[in-house]
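> Got a structure here, written out as structure tokens. Questions coming.
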């Protein structure tokens, strides 16, 4: 991104990723999670739309070249989709009372990229590739284009027909959550504490609105800073007050999750946690709890380990609650359900 040079991913690490993915896939075949991921396959579109993944990748590449914040937006969009109703593109549906209309999802972005990929696919492979697969593949590709690992995920997801705003808040992570609260949500999705630490690394890219963290500090009328959350570095808190002035309500003001390398998918997120500069209270919780601290330390000191673990946890994430076979549908438009 920009002038940043990406380091080549070591061949040995690539082999480790492949071995870990093989092990996880083998385990999933015997112990399926809370989903129908056993019906997914790595060659699902081989006979019906062999260029499907390339079309998605080209769309994401073009969008990311024009707007380097796209990878972070697509990755966040996937999380918000998979944690509510499973990875079924329900977050893409527009309309009153849908997931997309909930205030917690108002700041989501990347929808236009998914729509663009769908339009291309409908030209060359009509009524074949689901919006759920497009979103999962786009988020996968976004990580790669931001400097992260190149991994493979199976396809065959179908699009859900249910999208309710009421289902959003009980199923997504709030930035003020404690570790126990986060672990409870992750566990309900079939994800472990290690998955929680690893997938939190998504915060190495992307931005956040001031309202998601400005309760961690405050300024009095004289400009004196009070750090409410003692786990937050005081100097960093002072910087944040300048970016998010007291009383600011402009929703367009955003702050990078990772102040050091905000457009690069790397392990810098974990390093800034060690400096007590995690943007969210939920970030700091990972370092402050003995159950997750050692994993944070490991990933902060070893980017290859982060990439290897990311590949495994991301595979599990994209298998949450998927609809396959005769479940759901293949939408003609990602923002609208098909007419029944």
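Heads up, the Cβ atoms here are built off N, Cα and C, so glycines get one too.
Look at TrEMBL and you will find 1-37 tagged as signal peptide. Annotation source TrEMBL lists disulfide bond at 49-125, 82-87, 131-334, 210-244. Positions annotated as site 'Transition state stabilizer' by TrEMBL: 76. Residues or ranges marked as active site, proton acceptor in TrEMBL: 80. Taken from TrEMBL, the feature Ca(2+) 1 binding site covers 81, 84, 86, 88, 90, 99. Among the features that TrEMBL reports, heme b binding site is placed at 203. Per TrEMBL, the feature Ca(2+) 2 binding site maps to 204, 258, 261, 266.
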> Measuring Cα to Cα, how many angstrom lie between the residue listed as 'active site, proton acceptor' and residue 49 (disulfide bond)?
27
> Cα within 10 Å of residue 258 (Ca(2+) 2 binding site) is the criterion; apply it to the recorded positions 82, 87, 90, 99, 203 and give the hits in sequence order.
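If one measures from the Cα of residue 258 (Ca(2+) 2 binding site), the recorded positions that come within 10 Å are 203.
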> Of the binding-site residues 81, 88, 203, 261, 266, which one sits closest to residue 210 (disulfide bond) when you measure Cα to Cα?
203
> Fewest other Cβ atoms within 10 Å: which of the disulfide-bonded residues 125, 131 wins that one? Let me know.
125
> Express the distance between the Cα positions of the residue listed as 'heme b binding site' and residue 82 (disulfide bond) as a whole number of Å.
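Approximately 17 Å lies between the Cα of the residue listed as 'heme b binding site' and that of residue 82 (disulfide bond).
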> Enumerate same-chain residues with a sequence separation of six or more from residue 88 (Ca(2+) 1 binding site) and a Cβ-Cβ distance below 8 A; give 'none' if the list is empty.
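81, 132, 157, 158, 159, 160, 321, 322, 323, 328 - these are the non-local Cβ neighbours of residue 88 (Ca(2+) 1 binding site), listed in sequence order.
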> Measure from the CA atom of residue 261 (Ca(2+) 2 binding site) to the CA atom of residue 99 (Ca(2+) 1 binding site) and give the result in Å, rounded to a whole number.
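It is 31 Å, counting Cα to Cα.
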> Work through the recorded positions one by one (49, 82, 87, 204, 261) and name whichever has its CA nearest to the CA of residue 131 (disulfide bond).
87
